[in-house]
Every structure is written in structure tokens, then in C-alpha cells.
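Everything on this sheet refers to the single structure shown next.
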Amino acid sequence: MPIIIIPTWCPPSREHWELVTFLWQFFPIFTLFQWLVKYYPMGKTSTASSFNVPGKIGWATMEAPGFITLLYLMYALPKQEGIESLPFTNWTMASLFAIHYIYRALISPLFLNPSMSPIHISVWASALSFQLINATCIGGWLGGYGPTTQDEWTGAAMRLELGLMIFAVGLLGNMYHDDELREIRRAAARNQERKQKARGEKGDGKGVEKVYMVPENGLFRLVLFPHYLCEWIEWGGFWMIGGMACVPARTFLINEVATMLPRALDGKQWYIERFGKEKIGSRKAIIPGII
């Protein structure tokens with residue numbers, strides 16, 4: 001018997017899964033406020049507040065529930081629906097989702113990032129909700145409400161191979177450009193340590209102060225948020241594997257674009273205000289030569 005957390009909701013019944021998946025397609029409507037309100041209290045635009053969550057812990061706890069939920073559904077739904085085993089391609093897609101978020105939710109914030117700005121509880125709660133709903137839609141499709149036999153994937157071999165390559169390019173690009181941003185903070189830490197040694201001081205244990213620069217390597221020469229673009233490429237490959245009929249994968253990509261595009265455009269304005277138009281030059285926000 002599957003472990004039932006909330007009857008008919010976690011894991012969801014087919015009726016409830018179809019309802020959530022349908023409604024999730026309207027998420028872009030709720031992102032319209034991002035074009036109107038510039039308040040986004042995390043990262044570069046984090047503000048002091050008693051409602052802030054520590055950056056690293058906040059990031060991990062708002063992102064990790066996504067892949068945990070998906071893996072739970074991959075375990076629980078087949079038992080609930082009487083499915084003996086899931087197709088290899090279902091597990092491949094689930095693995096890609098988990099790999100991305102293990103890196104993004106755990107490895108990156110907890111082990112690689114030198115420091116992270118606080119996250120306001122409102123952003124934390126919004127991101128957590130996004131993860132849980134999105135993982136329910138994708139996990140439901142992969143766990144029992146989408147293809148349930150390998151025969152249903154017949155003819156998808158080329159799509160799988162191409163989608164895997166696109167996903168890999170996006171993931172590696174995401175990691176590379178993330179590390180370019182981390183290097184700015186690491187370089188600041190090394191510089192701070194050298195200055196302290198020159199003055200004969202010991203580190204105060206408070207970490208590195210916020211240091212921002214315009215990154216110059218990789219796609220940063222062309223756009224200011226290439227890690228966003230690379231993430232879109234990842235999920236484009238993911239959708240390709242699932243096929244045009246995979247509504248949850250398509251919705252995920254559209255929802256990512258809907259919420260990340262206004263952040264990138266606001267971020268470009270932040271860079272211009274901080275460093276000036278001359279320093280930013282011809283860089284676009286997220287898509288080279290376009291926007």
C-alpha cells in the first residue's frame with residue numbers, strides 16, 4: 001500500500017491531478033504583478049526585515065520539496081493505480097528533474113555558494129508553493145497518469161536522445177554561469193582575507209560583504225542572466241522528451257519564462273542603475289540580441 005499523506009490529494013486522485021494540472025496552466029496570469037511591482041526581496045534586491053529567512057536554509061527548504069514530492073509520487077502513484085512498473089523513459093525524466101533540483105536546492109546553496117542574501121518569507125512561501133504544485137503535475141504524469149508502458153513511448157527514441165542532449169547543454173551552462181557568479185564572491189573573500197592579513201587582523205566570522213560586479217565570461221558577454229536562459233534550455237529539452245502532449249512539462253517551461261523574464265528585465269535595470277549604461281553596453285537581459 002502507498003503511503004498516503006492527504007487522501008485523494010497526496011498522492012492525488014486522477015480527478016484532482018487533472019484539476020491541478022489544468023489550473024496550473026493559468027499561473028502566468030499571476031505573474032503579471034511582477035511587471036507592475038518591482039518589490040522582490042531576495043538576492044541582489046534583498047532588504048532588511050524581521051520576516052527574512054537565512055539565504056542558504058531558505059533556498060534549500062523552498063526548492064527541495066519539489067523533487068522530493070516528484071519522487072514520492074513516482075513511488076506512491078503506481079501502487080495506488082495498480083501499476084506494476086513504470087517505463088524507463090518515465091524514470092529518465094524523473095531523474096533529470098531530480099538531478100537539476102539536487103544541484104539547485106542542495107549542492108549549490110549548501111556547499112558551493114560562499115554566501116546568500118536573506119529571503120523574505122513571502123518569496124519563500126511563493127517558491128515553495130510553485131515547487132509543490134509543479135512537482136505534483138509532473139510527478140502525477142510520470143507516476144501513473146501519463147504513459148504507463150514502454151509501448152506508449154514507441155518511436156520516441158530520437159526525441160529522447162535529442163532532448164537529453166539539449167537538457168545536458170542547459171544544465172552544464174546553468175552550472176557554469178552560476179559558478180561565474182560565485183567566483184565574484186569567492187574573489188571578494190580572498191581579497192578581504194588578504195587585507196585582514198596585511199593589517200594583522202583575524203577574520204570576524206561574519207562572512208563576505210555583498211560584492212557585485214558585471215560578470216564577463218561565457219554568455220555574460222551577451223546577456224546579464226544567462227543562467228536563466230540555460231535553465232529554459234534545460235526544460236525545453238525536458239519537454240521534448242515528454243513530447244508535445246506532455247502538458248505538465250510544457251506548462252513548467254511556460255511558467256518559468258513567465259516568472260523569470262520580468263525578473264531578468266528588472267535585473268538589467270538594476271545593473272544599469274548600479275554600473276551605468278556604458279558598463280552594461282549592448283548586453284541584453286536574457287536572450288542574446290533580442291531581449
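Glycine too: its Cβ is placed from the backbone N, Cα and C atoms.
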Quiz item: Out of 88-107, 208-227, which range is noted as transmembrane segment by TrEMBL?
Solution: 88-107
Self-check item: Top partner of the transmembrane segment (19-37) among 57-76, 119-144, 156-176 - counted as Cβ pairs under 8 Å
Solution: 119-144
Self-check item: Distant-in-sequence neighbours of the transmembrane segment (156-176), which means Cβ under 8 A and at least six residues beyond its ends
Solution: 89, 92, 96, 99-100, 103, 218-219, 226-227, 229-241, 243
Exercise. Report, as numbers and ranges, which residues of the same chain sit near the transmembrane segment (119-144): CB under 8 Å and 6 or more residues beyond its ends.
Key: 10-12, 17, 20-21, 24, 27, 40-42, 46-47, 49, 51-55, 58-59, 61-63, 65-78, 80-81, 83, 86, 90, 93-94, 97, 242, 246-249, 251-252, 255, 259
